[in-house]
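Asks: I'd like to ask some things about the structure below.
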Amino acid sequence: MPTPKAFTLLGPTACGKTALALKIAETLPVEIISLDSALLYTGMDIGTAKPSASERAFVPHHLIDIITPVQTYSAARFVEDCTRLTGEITARGKCPLIVGGTMMYFRALTQGLNDLPEADACLRADLDEQKQMYGLDFLYRTLQKVDPETACRLKPNDSQRIGRALEVYYLTGRPMSAHLNGQPEHTLPFELYTAALIPENRARLHENIALRFHLMLEQGFIGEVENLRRRYPGLTADSPAIRCVGYRQAWEHLDGATDRQTFIEKGIAATRQLAKRQLTWLRKTPLDCVADPFSDGTSGTRLIEAAKRFFGE
């Protein structure tokens, strides 16, 4: 049996990945595998710019709406799901098209996973108690002592990742940085072609981000977050689902911490920061083909042709 093939379309938020993926679907018999951690959650449609019902009816989409906002998902599970789906889609005679910008998942898929321990509920409860008693700054200073490399790359207010780094250290006796630096060799079980939309005009990308954020507000984004708060009482601003850009800022606004204008400004700024991080990842990623989505209108055609050649169509 021939080795399965998958075509990956990467790019920062608001650069036109979904629109291009649908154009590819007009040309090739594809099924889309979402590479977007925000699209996993049910009930989070507007703020994630989730593909519409008609778009999902036009071409099959996978790894969308598979967990609730109070459930968790991991890079390890993505690798497992993506690998399985690639084989299943290929067996159906279709072409797997991986689309998104969650670069941590892509790195896990292409470079492999580190042997980090599973979360430990008892240890995490102990760390949460320490945070309540002594403050997050105490945990951050502890991390600086036991794993200065990880502490250096984390923000002092990143409660979730600080807790996870300490958890790894206490469970294994080794700092997380040592685990990450000791990454084993990894071989993909399928052939992968990696294309990316990378805009040279950063101002145009920022304009798209602002326009899309305002459109989300018109579509009822605040109401969507209010519904999440009512439906899932266990959700907090630190929940992984609410850490998605826009949602945390909306959550703070609904808590009364910001007025509407400040919320909008912070939401747009957070989305721009996400795009910046995605572009930084992309510039370090080996790519088979790169196109500027805001250039002359031919970039989409080039990537469609690249996909056709790759799949032998």
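Any Cβ shown, glycine's included, is placed from N, Cα and C.
The ATP binding site annotation in Swiss-Prot covers G11, P12, T13, A14, C15, G16, K17, T18 and is backed by sequence analysis. If you look up Swiss-Prot, you'll see T13, A14, C15, G16, K17, T18 marked as substrate binding site. Sequence annotations record features per position, and here Swiss-Prot assigns region 'Interaction with substrate tRNA' to 36-39, 160-164, 243-248 based on sequence analysis. If you look up Swiss-Prot, you'll see T102, R124 marked as site 'Interaction with substrate tRNA', on the strength of sequence analysis.
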Asks: Grab the same-chain neighbours of the region 'Interaction with substrate tRNA' (36-39) for me: Cβ-Cβ under 8 Å, and only residues 6 or more beyond its ends, written as numbers and ranges.
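Replies: Same-chain contacts beyond the ends: 47-48, 50-51, 63-65, 73, 99-102, 104-105, 244-245.
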Asks: Which residues, given as numbers and ranges, are at least 6 beyond the ends of the region 'Interaction with substrate tRNA' (243-248) yet have a Cβ under 8 Å from it?
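Replies: Those are 13, 37-38, 41, 44, 47-48, 160, 213, 216, 221, 225, 228, 237, 267, 270-271, 273-274, in sequence order.
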Asks: List the residues of the same chain that sit at least 6 positions away from P12 (ATP binding site) in sequence and have their Cβ under 8 Å from its Cβ, in sequence order, or write 'none'.
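Replies: Those within reach of P12 (ATP binding site), by Cβ under 8 Å and sequence separation of 6 or more, are G101, L197, I198, P199, L205, L274, A275, K276, Q278, L279, L282.
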Asks: Need the DSSP three-state call for T13 (ATP binding site) to compare against my parser.
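Replies: In the DSSP reduction, T13 (ATP binding site) maps to coil.
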Asks: Determine, from DSSP, whether T102 (site 'Interaction with substrate tRNA') sits in helix, strand or coil.
Replies: coil
Asks: Can you name every residue in this chain, apart from T13, A14, C15, G16, K17, T18, with its Cβ inside 8 Å of the center of the Cβ atoms of the recorded substrate site?
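Replies: Neighbours within 8 Å of the Cβ centroid, excluding T13, A14, C15, G16, K17, T18: G11, P12, A19, G101, L197, N208, P293.
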Asks: Distance between R124 (site 'Interaction with substrate tRNA') and T13 (ATP binding site) at the Cα atoms, whole Å?
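Replies: The Cα atom of R124 (site 'Interaction with substrate tRNA') is 32 Å away from the Cα atom of T13 (ATP binding site).
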Asks: Looking at the binding-site residues G11, A14, C15, G16, whose Cα is closest in space to that of T102 (site 'Interaction with substrate tRNA')?
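Replies: Result: the closest of the binding-site residues to T102 (site 'Interaction with substrate tRNA') is G11.
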